[in-house]
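Notes follow the structure.
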Amino acid sequence: MSCRAGFYRQELNKTVWEVPERYQELTPVGSGAFGSVCSACDTKTRQKVAVKKLSRPFQSLVHARRTYRELRLLKHMKHENVIGLLDVFTPSTSVETFNEVYLVTNLMGADLNNIVKCQRLTDDHIQFLVYQLLRGLKYIHSAGIIHRDLKPSNLAVNEDCELRILDFGLARQTDDEMTGYVATRWYRAPEIMLNWMHYNQTVDIWSVGCIMAELLTGKALFPGNDYIDQLKRIMEVVGTPNSEFLMKISSEHARRYIESLPHMPQQELKEVFLGANPLAIDLLKKMLILDSDKRITATEALAHPYFEQYHDPEDEPEAEPYDESMENKERNIDEWKAIAYEETHKLQYFDYVTLMPIGRIKDSPEDSYYKQEVNKTMWEVKERYRELVAVGSGAYGTVCNAYELKKQEERARDSRSGTKVAIKKLYRPFQSELFAKRAYRELRLLKHMQHENVIGLLDVFTPDCTLEKFNDFYLVMPFMGTDLGKIMKHEKLSEDRIQFLVYQILKGLKYIHSAGIIHRDLKPGNLAVNEDCELKILDFGLARHADSEMTGYVVTRWYRAPEVILNWMHYTQTVDIWSVGCIMAEMYTGRPLFKGNDHLDQLTEIMKITGTPTQDFVQKLQSPEAKSYIKSLPKVQKKDFGALLRYANPLAVNILEKMLVLDAEKRITATEALCHPYFEQFHDEDDETETDPYDDSFDNLDLPLEEWRQMPRLTWSLSFEINKEVEGRCPSFEPGNQTEESNIHFPSSKAFLDIGLSTKCVTIPKDLGLCNDIGYSEMRLPNLMGHTSLAEVVPKSEEWKSLIQTGCHPYARTFLCSLFAPVCMDTFILPCRSMCVAVRDSCAPVLSCHGHSWPEILDCDRFPAGEDMCLATLSKEYIYMYRDLPKPTCQSCPTIEDSVQTKTALEAFCENDFALKVKLAKRKTPSETHQYEIDGQVDFISQGDLLPYDTRNMITQWMLINDKCAEKMIRNPRSLLFIITGSVHHGKVTITKIFHWQKRDSNLTLAVRKWRYHKC
């Protein structure tokens, strides 16, 4: 039986999987009673995913109902600590043949069971893991669902310690009648074993308690050998239940059994968990209570002091109630199968998006557009931005990650994605004058900002061809990876990192303020940070010129300056400094400093720390209501910031006191803050730049909507190209109708060999990777290498692919393909001798580096010397340019240094011809080998003789030639960042130093920063 179109089959562990071609590199990772799981690479998003094949989903009524329930539950769950559904598919094309269901979810790497086996967890780890588990449970329980099978192996954890709850195969609605045998025994609540028919959501809390206990000790708390032994082990710790509890047990047999047991006193948990955090023990006591009516709930547990540094009710969301009515109906197997088939085919979920090509514009594929649905919103973007993945949304727009593809000539050599970017689609920018004005202002502000610590604009575009149709536009900005809010949730920041991050915020603010701009919405979520700890200030949707009239409700409450709350109409740039102070304090403590519940409570929280304002300050208030309210407050003394931040650097406390001053006129400025001794190791006035004043005259115009739409500067900014030949209407293209690329043209010539030797033309097969997209579709057999069949050509050509990948010569592939797959014309078209010589001279040294000599069959003397009847080499201009470009050589690998002093790095920059910052990655190929590649852009620290447009290719060539060295550098699949220095001598590039730039390496960070002004 053939595969469904677009699917392929693969046998794994004696089971045949049939999956879409989108999912490649299937690797088994686990199996259970209800299905088996493989990891896979999603070629559309370039992300690793987990694919679960349900085991015999329709073999019985029970299986069919469970399949439908798991599918709908996964679809309902949309929470960062609960596994969700990315895709669902079946290879079946009709309900009659529908017997297989595959679910695609996030791949998390490891489960908690594996982690507990391999390492002892710290209290910080345990806090964060259990907090996430309870946060996910609160969400699940709010939907009215009980998980019923919580255990360490059902909790997935990634390398950043982020947790997701897995496996809803046993999950049930709260009101459903329950059966006893549903959870792995060691984590099973006693009421399940005592066979209550209507137990509640706290059965999951008991399981959490058992898991938390195991995290503390490294071993299971109640490892019962059977049903009876399990109950006995529980009683040994929690004690014999009292008569009140026994009366609640509906099973007479269970009640008799418990009464027959000898009395056992409750153990002191602090003796069971010696050395554990007392707050952890207190929480465990509240979870491991026999009486489920008295057991703590997920919501209550989250508010326990043990989670004080993480707990935030606003960030612990609940779900919509889950509708189980469809599952409670009585159906036969065929009916269950029919509705599961319908559910499988109608799913359009979250990051699962559909591409709809709308055609290419002739001669300019980079500037044509395609449509893609993301989170039920249609995006229409340039062809060069691919693999859109939704990452967030706000009041004024939504943001996707994307890859900006390489230029067409680069893609011909390398099909991998290019630079990662962030694309923001503005939300209905012309629905009103207010929205239009805001959209125009954000665009102009982003264009004005050109600073390393402020987000800037890489591109802006619209798919609309005329002003009349102009309704959408998109802003393209650098991709940063994460934001400060997420970092603070997951880890405690060191003093060095806090210094460096706050320094960058202030450096960016000095630049923004010098333009006369107030940001007005500084908060951790608006500060993007990459893995090198480099920070950029984001989101100018609320930014305004300093002279504009201000309104009060402009910044997230917890970071809002008091003058905003008190509604001064002309507050100053120091509102941003107050926000920086709030953010800096949160970095030290791990929680917001002023966590008000509302407008007035926020002000009260501020006064508790800053103290009641002076009479001088009250007199400055313009609002009579604000004056009256302040006077009505009880007198409060100012708190000592040193006591609030007990372990902070005294200089940090001092600068915070200067930032968090109630009187804005006395508050420190960004420029003054940068000069504070706290930033002594980073401060460099020459490197803390200012910008030209921002001209806000256009922003302040009072225009009707259509005039905002037609603002001349806006149309210029978006580079409209109105097609006058069709009177302002867009060129029409049929969906999917793409222009054909012309074949490479070869001049006709007399036969070099007897044409009778080559008797047939055949289509170049897809598995002839060397020449599959060379520019023509048919080749001659036998070929010029003497191969008589494709079965011989394909494996022989594969032996040359690694040489081509080194990029040893730009015409190496053309040269080899003219021999392996000669174009099907009236005669053989041979490569010219000059082409052979050029390729040989560049590529033979690479072969030699790998222990091979140039093969005799490619002796250049066998090819014609003239250039009028053969495949000519490059143009003279290109030959000259290529000849003069420095090329990497085969060399011994320099020592890879994981730790380096700032002085040593600066000396290396001085002593060498160039220094580069480059992120490298190791990828597994379909043939199970590894290839090394650049992940992102190459940044020059010092340039020397290298040309910027060829450096990326040069580093790639160096890794391919010196693959043993690349293997030493990149020891695992994660991307790693390096600084590489080297010399250029007689046209040869030699790498001399390799520094591994780790995330917290402030020495290299400082060296790179100082280099700009360093004198060798």
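Positions of Cβ are set from backbone N, Cα and C atoms, glycine also.
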> Which of these, CYS761, CYS771, CYS870, CYS890, shares a disulfide with CYS817 in TrEMBL?
Replying inline: CYS771
> In TrEMBL, CYS860 is listed as disulfide-bonded to which of the following: CYS836, CYS843, CYS849?
Replying inline: CYS836
> To the nearest whole angstrom, what is the C-alpha distance linking CYS860 (disulfide bond) and LYS424 (ATP binding site)?
Replying inline: 54
> Could you tell me the C-alpha distance between CYS836 (disulfide bond) and CYS771 (disulfide bond) in angstrom, no decimals?
Replying inline: 17
> At the level of the C-alpha atoms, what whole-angstrom distance separates LYS53 (ATP binding site) and CYS771 (disulfide bond)?
Replying inline: 36
>> Same chain only, sequence gap of 6 or more: which residues have a CB within under 8 Å of the CB of CYS771 (disulfide bond)?
In response: ILE764, MET779, SER797, ARG813, LEU816, CYS817, PHE820, ALA821
>> Taking DSSP as the reference, which of helix, strand or coil describes CYS771 (disulfide bond)?
In response: coil
> Of all the binding-site residues given, LYS53, LYS424, which has the fewest Cβ neighbours within 10 Å once its own Cβ is left out?
Replying inline: LYS53
>> Just to be sure I understand the packing, how many Cβ atoms besides its own are within 10 Å of the Cβ of CYS860 (disulfide bond)?
In response: 18
> For the domain 'NTR' (893-1016), what's the model's average pLDDT?
Replying inline: 81
> How many other Cβ atoms are found within 10 Å of the Cβ atom of CYS817 (disulfide bond), counting all protein chains shown?
Replying inline: 26
> Around CYS836 (disulfide bond), how many other C-beta atoms are within 10 angstroms of its C-beta?
Replying inline: 25
